[in-house]
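Straight from Swiss-Prot, the features:
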REGION    1-67  region 'Disordered'
TOPO_DOM  1-107  topological domain 'Cytoplasmic'
COMPBIAS  14-37  compositional bias 'Polar residues'
TRANSMEM  108-130  transmembrane segment
TOPO_DOM  131-149  topological domain 'Lumenal'
TRANSMEM  150-175  transmembrane segment
TOPO_DOM  176-195  topological domain 'Cytoplasmic'
TRANSMEM  196-214  transmembrane segment
TOPO_DOM  215-233  topological domain 'Lumenal'
TRANSMEM  234-259  transmembrane segment
TOPO_DOM  260-468  topological domain 'Cytoplasmic'
DOMAIN    412-447  domain 'EF-hand'
BINDING   Asp425, Asp427, Asn429, Asp431, Glu436  Ca(2+) binding site
TRANSMEM  469-489  transmembrane segment
TOPO_DOM  490-502  topological domain 'Lumenal'
TRANSMEM  503-523  transmembrane segment
TOPO_DOM  524-943  topological domain 'Cytoplasmic'
REGION    677-943  region 'Disordered'
COMPBIAS  678-687  compositional bias 'Low complexity'
COMPBIAS  744-759  compositional bias 'Low complexity'
COMPBIAS  760-781  compositional bias 'Polar residues'
COMPBIAS  798-810  compositional bias 'Basic and acidic residues'
COMPBIAS  827-842  compositional bias 'Polar residues'
COMPBIAS  857-880  compositional bias 'Low complexity'
COMPBIAS  886-904  compositional bias 'Polar residues'
COMPBIAS  916-943  compositional bias 'Basic and acidic residues'
Amino acid sequence: MPNPNDVTIDIPLTSVSSRGQTGARNNSTNIPNSPSGGYSAGAEHNGGAEKGGLTSSPPSSSLGFGHRRRRTINDKTGLPAEEPEDGTVTRMGRFYQAVLNFSTVTRYLIYIAPLAALLAIPIIVGATAAEDAKIGGVSLPWFFCWVEVVWVSLWVCKLVAKVIPFVFQFVCGIVSAGTRKYALILRNLEIPITMVLWMIVSLVTFLPIMVYNPRNKREGDTETKSWEKSVKNVLFAFLVCALIFLGEKTLVQLISISYHRKQFDARIKESKRNINLIGILYDASRSMFPMYCKEFREDDAIISDSILLGGPETGRPGHSRSNSAAPLRFIRGVQQNVGRIGGKITGALGDVAHEITGKQVFNSSAARSIVSEALERRRSSEALARRIWMSFVIEGREALYLDDIMEVLGAGKEAEAEECFTMLDRDGNGDISLDEIILAISEIGRTRKTLNHSVHDVDQAIHVLDNLLATIAFIIAVLVFVSFVTSGFGTVIAAGATSLLSLSFVFATTAQEVLGSCIFLFVKHPFDIGDRVEIDSKPYIVQRISLLYSVFRNVNDNRVTQIPNVVLNTVWIDNYSRSSAMQEKLTIEVNIDTTTEEIQALKDEIETFVRSPDNKRDFHPDVDIEVSGVGALDKLELTVGLFHKSNWAIESVRAARRSKFMVALVAAVKKVPIRTPGAAAEDAAAADGDRPDDKPDDAEQPPARQSSISEGIRHPTVPDDSFPSDSKSTGVDLGRPGSVQRRGASATAATGNNSAGSAYSETTLNNTVSEPYQRSFTPNTGDRDTDHYHGSMSSPVTERHLGVSHDSIARKASTASTGRRRAGIMTTANQSLASPTTMQSESALPPHLQPPPPLQPSSSQYSQQYPQQQSQSPYSYTYSERYDQPESSLQPLEHTTSYNQSLPQVYEYAPAADRNSLEGHSPHVDPRHMTEEQRRNYESRRL
């Protein structure tokens, strides 16, 4: 049943025609098979699978068109087999390749026999049928005999040159093992040595065979003919040229061997040793956890880099494969089994070869072979590192220690265990984390690859140098050849020298560049392939090294830069890859007022950071901070010295470590805290802006406000809204007897800081209150709810104020017009002093606007301290009148501006408290603190 709340019910939908309701092919649909015998999914499951046959060939394929024909590709050349003109090896080429795969003796017999048989025919004919036949005065058999000797001696000399290195290594290796390296030179000089030996044999056998053969001796014709002398000179010239060629090749090989020994020998040995140690660890890991076990199945598949062994045989979870995959899965399983069986057979043959030769020969299952192959790729290197680390580390630990390696390798291999641990513990902190071992093994593989690339590029540079020297040797050989052939040797030398002198001006720059490049590359050699260098303050990665130039990649933007070696020979080059643990210095500018204690606190914070467990693998525990400058006496320049535990060869690692340290440095500076330069001046400016104004408050008021204040309390303009709304006052309208007005304004309010006394505001004829005197303060009690009644029994002119007791401050009746604080009257301990601003503003008011002074508990004190004086108020009564008539001095309640001032007002007054009824009590006792008897007496008198 559809959901009635579904918003898609009433949406009109357009009907779309289709062949079926589900959109899939009907089972009755017939799809023709491919005529080419291709794979058709529909052919296998034509009736069972719902979508079977959807990938089969279209009907047009049955007609022979619509598709590209298949072409057979040769695996060796990568070219179609039907196009021999594109460089495909012909049958003769395939035969030659088959011959090259034969043994040395068989191959040489194949080389020698055909031509030797052809040369033997004239010899046989001259010895049997044409005995009198001669060539240049030499009988036919002996002439072709010398040619046969020349041809056969070429291959014999080649065999001798091939055997010489082994003989030299066997003989000289017994005397000194260090001389074995020269066997490599002899092996590389096989062709030059062959040419020299061949020329020697040809020259030595020419005259004896041509001139001094037995037939000439019988005939007495032993004189050397002119053409024989010329041939002898030519052979001698060829011998000299062969010697020059041999010398040039020997020089190149000596440069190559000495250079490789100087630059790469130590690195090659270290790389081989590291691979051997990793092989030991991997072999121990395999002994604990066999290959392809459930713990390391994926890692072993990655290490072996085999598609057949990688991944599970089943599909993804929740996905069932169709039956069409069963044959492929069967083939895959067969291939897996065949591959493993083949590996076992190869391993068995390798074990036999190891027993015979003592070396690992074609043993693909050997640990060293697997490690060497795994280090070629980053992914397999990481898998190898994970397998070793996880198999060695005990459960519950987060790092690999030396005792773990010793325990796994067993007794008697403590030296190998320590060497393995030293190789992997690059930071030297005593433990190896998973990230650290991955980084170490990946670095070993990367070093191995860069070393191979460096050797290859240097070999290319040496090859270029070889070609250059070979060109020079060829020029010299031509001169030597000409000198031996012609009679005027001096004339030829003079002509050649003149030619070289004229060409020296043309090739002077090139010769200088070549010589400088050779010195830079083979003598100095400041970098290798893959090194991170800095040239003219720009970081680069070396990509290629040639004889005359080098190619770099910029680290910042990946630009490729080519620089001539003669230019690099004149600049400073910083090589980060060849450096050990590096130090970094950062300069920060701080405030000039920074103290030594703050600098030491900053150093402690940074040392805490570098010594934490997360960072001790990257940085050394020591940090240097020094004051390197003071600028223009406005700042301090601090230099922070940070010691890394590795170099900066890997840019990503260096950038991550530097970013982490910079964030920690900023956090430490904020935590101390250390201010930036100029922070003190900014604080002083902010303090000046926040300083209170010393001028009176009335001076800052607008002129209109000042004029209203100076006019006195008779002309108030602005009501004070700061009074609390909980005070009460009552107004009685004379026109309406019994009517009472309640207004929520108050005449008592606390002043901000001026608590030395309180002032009651005057009641004017206009029944308004002036703002400066609307505020009064009730100390400590906060009593703002006292009702005050205003009546009309006394006129405003003869109005008296009632003194009310407020805790420790006793308020006596006073003249409202004076409003001044008496000198010598101090506040009590529980009152806060008035602020200077308030006091100054009060003193700046006119005399008739000053607030009344605070009153003392005893009236006698006031009479002694303050003599009677004439009030400055315009009212007719004096200060003494208020104390002489306490019963008639009724304190009015202030009112707000909310009531109607146009109505006639009647004020009620509360009678003053009788002092005699409060004997034994201080006159400033609050009625709320009285006893019941005192309260009743007070209420009766008040009413």
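Yeah, the Cβs are placed from backbone N, Cα and C, and that goes for glycine too.
Owing to the predicted nature of the structure, the values given are computational and were not obtained by experimental measurement.
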Folded-back contacts onto the topological domain 'Lumenal' (490-502), same chain, C-beta under 8 angstroms, at least six residues removed: 479, 482-483
Proximal but sequence-remote residues of the same chain as Asp425 (Ca(2+) binding site) (Cβ under 8 Å, at least 6 apart): Asp431, Ile432, Glu436
Per DSSP, three-state class assigned to Asp427 (Ca(2+) binding site): coil
Per-state residue totals over the topological domain 'Cytoplasmic' (176-195) - DSSP helix, strand, coil: 18 helix, 0 strand, 2 coil
Cβ contacts under 8 Å made by the transmembrane segment (196-214) with residues that lie 6+ beyond its boundaries: 138-139, 142-143, 145-146, 149-150, 153-154, 156-157, 160-161, 222-225, 228, 231-232, 235-236, 238-239, 242-243, 246
Long-range neighbours of the domain 'EF-hand' (412-447), counting only residues six or more past its ends (CB under 8 A): 267, 271, 274-275, 277-278, 280-281, 374-378, 381-382, 384-386, 388-390, 398-402, 405-406, 530, 616-618, 645-646, 650, 653
Beyond the site residues Asp425, Asp427, Asn429, Asp431, Glu436: chain residues whose C-beta lies within 8 Å of the centroid, for Ca(2+): Ala399, Leu424, Arg426, Gly428, Gly430, Ile432, Ser433, Arg617
Same-chain residues at least 6 beyond the ends of the topological domain 'Lumenal' (215-233) whose Cβ lies under 8 Å from its Cβ atoms: 136-139, 142, 203, 206-207, 484-485
Other parts of the chain folded back onto the transmembrane segment (108-130), taken as Cβ under 8 Å at six or more residues beyond its ends: 99, 102, 139-141, 143-145, 147-148, 151-152, 155, 158-159
Non-local residues, at least 6 beyond the ends, that sit with Cβ under 8 Å of the topological domain 'Cytoplasmic' (176-195): 154, 157-158, 160-162, 164-166, 168-169, 242, 245-246, 249-250, 253-254, 257, 261
Beyond the flanks of the transmembrane segment (150-175) by at least 6 residues, Cβ under 8 Å: 104, 108, 111-112, 115-116, 119, 182-184, 186-187, 189-191, 193-194, 197-198, 201-202, 205
Intrachain neighbours beyond the topological domain 'Lumenal' (131-149), with Cβ under 8 angstroms and 6 or more residues off its ends: 116, 119-120, 122-123, 125, 201-202, 205-206, 209-210, 213, 215-216, 221, 225, 227-228
Proximal but sequence-remote residues of the same chain as Asp427 (Ca(2+) binding site) (Cβ under 8 Å, at least 6 apart): Glu436, Lys616, Arg617, Asp618, Lys645, Ser646
Listed in sequence order, residues with CB under 8 A of Asn429 (Ca(2+) binding site) and six or more positions away: Lys616, Arg617
Taken over the domain 'EF-hand' (412-447), the model's mean pLDDT: 86
Cβ neighbour count within 10 Å of Glu436 (Ca(2+) binding site): 20
Within the topological domain 'Lumenal' (490-502), residues counted as helix, strand or coil by DSSP: 13 helix, 0 strand, 0 coil
Protein Cβ atoms within 10 Å of Asp431 (Ca(2+) binding site), excluding its own: 19
Secondary structure content of the topological domain 'Lumenal' (215-233), with strand meaning DSSP E or B: 13 helix, 0 strand, 6 coil
